[in-house]
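One structure below.
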């Protein structure tokens with residue numbers, strides 16, 4: 001338990017961290033990865049080069065300082081971080097390394113303002129946060145290992161099937177190389193996949209949603225969008241261009257707190273943008289397999305027909321089941337695109353225009369996609385009277401999955 005004096009000192013640094021947080025985190029990563037180059041394989045080097053990782057850490061450190069009097073406000077964030085850490089293989093011993101370089105960076109960046117008293121306060125605050133994360137991660141590791149077919153760390157999986165879903169998205173069907181079982185998981189969860197990236201000379205992990213419902217015997221499926229450019233697309237490009245059927249990938253156990261609550265029977269509205277449809281398809285397949293008659297809406301946005309993944313599968317489910325309705329938006333409609341078959345609406349997703357279809361009593365809303373898409377849909381749902389606790393979201397990007 002932190003003393004009132006420690007909490008006051010840490011909280012007093014929140015404005016400074018908001019102003020200088022990115023300088024601090026840039027210095028921190030340079031210092032830590034320079035002294036511990038083996039850790040480069042834990043971190044997304046694309047996000048390191050773009051600055052996204054530094055921005056995310058700066059925001060997290062400032063938020064922790066701001067809410068140090070009541071860190072329970074940040075429990076959802078802590079839960080999300082813990083799941084990602086377990087998928088990456090972060091261990092308790094890594095926290096000592098991070099703490100050493102974080103405290104040294106605070107002293108070096110803040111200069112004379114970083115008194116011994118302030119550094120001691122931040123050491124205590126960091127210790128509290130580290131203990132919280134280590135404890136939660138220990139429980140997640142134990143749960144992953146105890147499931148039938150479960151494991152911890154990296155496990156070799158063979159690509160048994162590689163299927164294009166659109167011009168940008170390809171599905172990889174993965175089976176354990178040891179011939180063993182795969183564990184059950186929750187719709188919406190993800191795995192980390194680790195590949196060697198020759199351009200970096202490093203193993204690099206990325207998180208990919210499991211795009212099929214739980215229960216596929218002996219296999220897991222991920223559906224990967226080819227990201228443009230470098231460094232953003234280094235891993236997805238490797239998967240698309242260099243990984244073929246028969247090749248072996250390192251895969252983590254399923255993790256993630258963005259999951260479907262299917263037990264209460266409430267209506268479900270699934271809203272996705274681009275490759276954000278991958279966890280939604282897992283949720284949709286799970287719900288339709290349950291066949292409990294609840295109302296289900298599948299709303300999807302994509303740029304055009306060429307990048308519309310899994311169209312035939314979604315159309316078939318909607319045609320077969322009267323409780324499932326779809327609303328697909330194309331930003332650009334081609335001359336050969338058929339309304340009601342290929343797409344349903346032209347332009348960007350407009351929930352106000354389809355409010356009679358998607359605003360259902362007591363419904364749960366699941367959102368996944370790029371940040372601007374997510375922000376727009378959250379605002380629209382709030383405008384339409386949907387309670388905040390009914391909205392569940394996963395952002396694809398830093399801190400999220402892809």
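Keep in mind that glycine also has a Cβ here, set from the backbone N, Cα and C atoms.
Taken from Swiss-Prot, the feature site 'Involved in heme-bound ligand stabilization and O-O bond activation' covers 29, and the record attributes it to sequence analysis. Within 10 Å of the Cβ of residue 29 (site 'Involved in heme-bound ligand stabilization and O-O bond activation') there are 19 other Cβ atoms, across all protein chains.
Taking the Cβ of residue 84 (site 'Influences the redox potential of the prosthetic heme and FAD groups') as centre and 10 Å as the limit, one finds 22 other Cβ atoms among all the protein chains shown. The site 'Influences the redox potential of the prosthetic heme and FAD groups' annotation in Swiss-Prot covers 84 (among others).
Contacts of residue 95 (active site, charge relay system) defined by a Cβ separation under 8 A and a same-chain sequence distance of 6+ are given as 130, 133, 134, in order along the sequence. DSSP assigns residue 95 (active site, charge relay system) to a helix. According to Swiss-Prot, the active site, charge relay system annotation covers 95 (among others).
The annotation active site, charge relay system is assigned in Swiss-Prot to 137 (among others). Under DSSP, residue 137 (active site, charge relay system) is assigned to a helix (H, G or I) in the three-state scheme.
If you look up Swiss-Prot, you'll see 152-261 marked as domain 'FAD-binding FR-type', on the strength of sequence analysis.
What Swiss-Prot records for 274, 275, 276, 277, 278, 279 is NADP(+) binding site.
Residue 394 (site 'Influences the redox potential of the prosthetic heme and FAD groups') carries a strand DSSP state (E or B). If you look up Swiss-Prot, you'll see 394 (among others) marked as site 'Influences the redox potential of the prosthetic heme and FAD groups', on the strength of sequence analysis.
Within the same chain, the residues at least 6 positions away from residue 278 (NADP(+) binding site) whose Cβ sits under 8 Å from its Cβ are 169, 208, 209, 210, 211, 222, 223, 368, listed in sequence order. All chains included, 22 other C-beta atoms sit within 10 angstroms of the C-beta of residue 274 (NADP(+) binding site). Residue 84 (site 'Influences the redox potential of the prosthetic heme and FAD groups') sits 9 Å from residue 137 (active site, charge relay system), taking the C-alpha atoms as the reference points. For the recorded positions 137, 394, the largest tally of other C-beta atoms within 10 A is found at 394.
Inclusion criterion for the recorded positions 29, 274, 275: a C-alpha placed within 10 angstroms of the C-alpha of residue 394 (site 'Influences the redox potential of the prosthetic heme and FAD groups'); this criterion is met by none of them.
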